[in-house]
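Structure record follows, encoded as structure tokens.
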Ligand SMILES: [Zn+2]
Ligand SMILES: [Zn+2]
């Protein structure tokens, strides 16, 4: 089984060939659509047995439209929501032009594929207002080897995957949402424990992907890292027991944005408290939720991870009369509240003002003006 992580800049596209069958999971954005088609042609692809659209954002879907017109497609698997875009209309038109109907298989559904199989991991639920959260995630298995692709799924979807009872352990994980801090939670990493992570993102992308939080987690778990932004297209071959790569991992754990300070210490605490049940707002699924966290494992990784990142913030507790401010994973300003402007409160972390200053943050003009 040959898995190609195509370099489509800021986007995602994965080609899988096995036992004469072909799968494409996402097709990258418009700008790389013709590259994807010609790449597949160079691999002698004529038929795509499974064309999987994780979700309908253009950086994942645009290139699939090109594939639908260039190749004979047998099955289209996609997420069960509608997207308000011309591109989405083009996609459903291209599917119809092939005489196909989109399939939205339920979590747990298995398909045989080549010398192996794949199983649907997500989405368990649909949020009509949040494209990323609806991403179709799959676990691809070949003998003892397995790969997990989650599109732009975020930590809420990861929690649902953990709660599904499906074995998530894998050799290769593509961290969700191009390595954004909204994905790749500790619980999910603890459940997947990959040996390798392949990050698909664009060089110097405007989103700062991958996030320092994610890279810190990967580094602290000694997960080997490949990155399309630095290494171009990456190819892995599984013979059922061993995975062989076309190049060495770069193991570059630096975030996309140099100023990204991460929030790991804070985050570990937050996630700890949420797994102990404080975070019940989400619907009455508390039983499955505690199953997800059944993971005493989930908390033990947090414990092992915490000491590795204690360094500076350690002494904040002893300086309790200090002025406290809020920072975010990617911002360069500090705020006097955790929901200033577009700041997401769940991603903000509180540190002392002097600590913020010393780390190079500047006061937000809105809060401190
Ligand atoms: Zn994306
Ligand atoms: Zn997206």
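Glycine too: its Cβ is placed from the backbone N, Cα and C atoms.
Nobody curates TrEMBL annotations by hand; they come from automatic prediction.
Annotated features, as they stand in TrEMBL:
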DOMAIN    10-203  domain 'Metallo-beta-lactamase'
REGION    245-360  region 'Disordered'
COMPBIAS  272-300  compositional bias 'Low complexity'
COMPBIAS  301-322  compositional bias 'Polar residues'
COMPBIAS  329-341  compositional bias 'Polar residues'
COMPBIAS  344-360  compositional bias 'Basic and acidic residues'
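According to DSSP, the compositional bias 'Basic and acidic residues' (344-360) comprises 9 helix, 4 strand, 4 coil. On the 0 to 100 pLDDT scale, the domain 'Metallo-beta-lactamase' (10-203) averages 97 in the predicted structure.
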